[in-house]
């Protein structure tokens with residue numbers, strides 16, 4: 001048959017490609033009326049002809065008489081030739097569609113024989129029905145996904161461009177149905193804790209449908225659960241005023257009740273639904289517990305005691321659900337971690353929303369900082385890096401909010417003291433924490449304290465037997481008792497001794513007992529507990545092969561909480577496979593732990609012993625300088641790899657050419673995603689390596705490693721640790737009187753301070769860095785710090801001074817052929833020109849910067865170029881062009897996981913939309929900026945809130961606008977920002993109206 005004219009077009013959203021390739025017809029009415037075959041659009045004719053097709057499709061196979069079709073197309077005033085026109089339209093459509101699809105019968109027409117799901121509306125109905133069933137069954141995750149797929153089938157206005165009263169009626173009907181689906185999906189979003197994400201969408205929807213109270217109710221709840229109580233109450237005030245002005249009525253009872261519950265801070269408002277507690281999003285369900293040992297033995301009374309406490313938290317006890325904390329105290333090696341991990345694994349089913357674990361390194365020289373731990377926990381719970389605040393208090397509050405309504409078990413291992421632990425505790429019922437420490441945490445309020453002593457002799461013997469084997473122990477029971485006694489009944493010592501015997505099939509238990517007795521006599525000056533552990537370590541170490549002993553000594557030197565296989569290979573100067581074989585053999589002897597595939601760590605007592613062995617070996621002249629050489633290789637490995645990551649993320653940036661040379665190679669990556677994954681995964685051991693190099697000949701390389709890893713400054717989870725390391729290196733380089741190294745250290749510190757919005761402190765560091773870099777004739781640092789100082793000037797509105805600094809940076813970058821640096825300074829110079837009122841020059845300079853970025857490839861830095869040009873075009877009033885630039889920037893920032901820059905771009909999009917008279921779109925983008933966070937910390941958040949207030953004011957939401965301005969004013973006042981006066985004026989004008 002004649003298939004009719006066909007126009008190639010992209011596949012219709014919502015229809016799977018495999019279905020379209022089958023040759024079957026597909027139709028769309030949830031947008032323009034269209035038809036497809038094999039992915040190509042069919043010509044469906046004039047608007048009236050499409051109106052006829054839509055009327056037949058929406059009758060779902062039922063016959064429409066000619067009279068009904070005439071009424072549908074023209075209503076009460078049809079043309080004189082209406083019947084002939086209907087017949088003509090039907091005839092033309094038959095030629096386009098498959099045979100037998102449009103049929104004539106009983107004086108009318110019908111569409112028949114369509115494949116299942118051929119009509120987008122039918123697919124949406126099926127998906128919505130399936131979503132309702134999933135929701136009723138308690139599977140909210142699946143229900144949300146189904147509703148999202150249903151809503152994605154809409155492609156603009158229903159029956160767009162189709163005339164006639166029938167089409168108008170269907171537009172209203174299907175528009176109302178879509179809103180109902182949206183409300184249902186948003187309700188489930190809130191049930192599953194997606195509060196911040198929902199605020200943006202709800203803000204836009206309430207602006208588009210201001211009298212729809214259900215949307216207002218959802219917005220109030222989303223704001224309240226996002227910690228924005230004042231705005232939530234302001235939404236109610238705006239709604240009450242609007243309903244009174246427009247309809248002369250009060251808000252419905254449900255909305256009034258919600259307002260009262262918010263005023264009373266009703267704790268039930270913060271709770272998620274019961275279904276949500278059972279079906280928490282899988283991707284946000286961490287399972288971080290270390291593996292439990294297969295030979296766990298004894299401690300039955302402690303297991304019962306701790307399990308009972310966890311049962312109270314999980315709601316399985318008679319008293320109902322509580323927030324439970326248990327703190328285990330005992331000497332090193334007594335088995336605190338083993339017991340806690342064993343109990344935690346037994347209780348996993350009672351905490352279906354996840355289990356968090358951290359080694360707090362409380363017995364080490366550098367215990368983990370609560371800020372850093374909270375950052376890692378928040379990331380594991382699904383919080384974006386950009387949404388993680390800087391301060392300990394804010395991180396702890398966000399952590400408690402994220403855990404609210406969830407049932408999560410937190411294992412805080414090897415804690416230093418209660419002060420380290422308190423910020424890491426959940427805040428609501430249903431969660432629990434297990435804490436291990438060497439001190440009794442009597443000052444940890446409400447904690448159930450457990451004192452763990454050495455094992456009873458029979459328990460110790462049972463553990464020894466389980467590792468060695470019943471057959472070998474049965475005939476030498478007394479010797480076995482002598483062994484566990486010589487181990488001081490400490491589980492760690494018993495495990496190491498037993499593992500050594502298990503690996504020596506020719507030894508008897510008596511031989512092991514005699515060797516331990518000899519070691520203890522040699523170490524009789526030690527205290528009893530230390531004596532037992534040291535003797536066990538000596539025995540284990542003394543039986544290692546030379547290669548194993550060397551690996552044991554050198555791996556203990558690194559300060560990080562753990563070490564990757566690749567980094568360990570650098571420490572040992574061995575191929576990866578040989579390194580893995582050695583490390584796994586040490587795991588078999590219980591001298592090393594496998595924290596995760598490809599990652600290893602020491603028990604802190606074993607690490608101390610390994611370092612003592614390294615010192616002793618070097619002191620005795622058996623391996624001169626092996627410690628320094630090993631740590632130097634580790635630093636080289638991190639520096640070379642981080643430099644490679646930097647080069648991938650910043651092509652054309654010659655900074656890497658000026659780094660200290662390395663003798664040991666690093667890893668190589670072919671694409672940015674894997675490179676950034678490595679950097680974020682290795683953040684803690686990498687920064688530990690930097691700090692460990694202070695006061696050594698490795699100082700300059702350590703500072704360069706900090707510089708090469710500067711992407712960590714924009715990672716919310718790592719920024720605090722990075723800043724602390726930068727400050728430590730500033731002190732170390734100052735003490736060493738190394739001007740070049742100190743200049744670079746202070747340059748990266750000024751970066752951190754700029755990103756977090758601490759402008760005055762950033763200026764202090766940048767000025768000092770420039771003086772130091774100039775004295776050291778470090779041209780790379782001079783150019784970058786000039787750029788940083790220029791950015792400080794932009795924040796402080798000292799535009800002419802900033803312009804001079806950017807010109808200095810551009811000249812320096814050009815002198816060293818640093819194209820990426822040149823592009824960055826050009827983009828910033830554009831902003832300085834804007835501040836001085838030179839809009840045309842700003843646009844031209846921004847285009848120059850973008851052109852340089854474009855030469856370097858489609859990288860994250862190209863996004864910075866589009867961003868800068870978008871800002872300039874906005875000031876020039878060229879709003880549509882600006883939107884295009886920001887859209888390009890947003891895509892690139894998203895591809896490179898630069899969420900803070902995504903937030904900044906959404907802020908700029910909000911500016912454009914507001915300037916173009918689209919306050920609803922402006923409010924939506926401002927909300928997205930708040931959810932993502934922005935470069936600039938609290939000051940930038942103040943800017944976003946001030947802009948959001950302007951958009952809401954334009955939408956008639958005066959109370960919520962004032963709430964935003966008040967919060968912005970509070971943030972500005974904390975930082976003594978120049979915008980204080982502007983926001984006060986906005987508030988004054990708003991109140992005066």
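In case you wondered, yes, glycine gets a Cβ from its N, Cα and C as well.
According to Swiss-Prot, the feature DNA-binding region maps to residues 796-811, out of the candidate ranges 764-779, 780-795, 796-811.
Classification of residue 336 (ATP binding site) by DSSP places it within a helix. Listed binding-site residues: 331, 334; maximum Cβ neighbour count within 10 Å falls on 334. Sequence-distant neighbours of residue 332 (ATP binding site) (same chain, six or more apart, CB under 8 Å from its CB) are 363, 438, 492, 533, 603, 604, 605, listed in sequence order. The Cβ neighbour count for residue 336 (ATP binding site), using a 10 Å radius over every protein chain in view, is 25. A Cβ distance under 8 Å defines the sequence-distant neighbours of the DNA-binding region (796-811), meaning residues of its chain 6+ beyond its ends; these are 759, 763, 783-784, 786-787, 789-790, 821-822, 825-826, 828-829, 832-833, 835-836, 978. For the DNA-binding region (974-988), the list of distant contacts is 757-759, 796-797, 938-939, 942-943, 946, 949-950, 962, 965-966, 968: same-chain residues at least six beyond its ends, Cβ to Cβ under 8 Å.
Helix, strand and coil content of the DNA-binding region (17-113), in residues and according to DSSP, is 39 helix, 22 strand, 36 coil. Each of the binding-site residues 330, 333, 335 was scored by other CB atoms within 10 A of its CB, and the lowest score goes to 330. In terms of DSSP helix, strand and coil, the repeat 'TPR 1' (823-856) has 30 helix, 0 strand, 4 coil.
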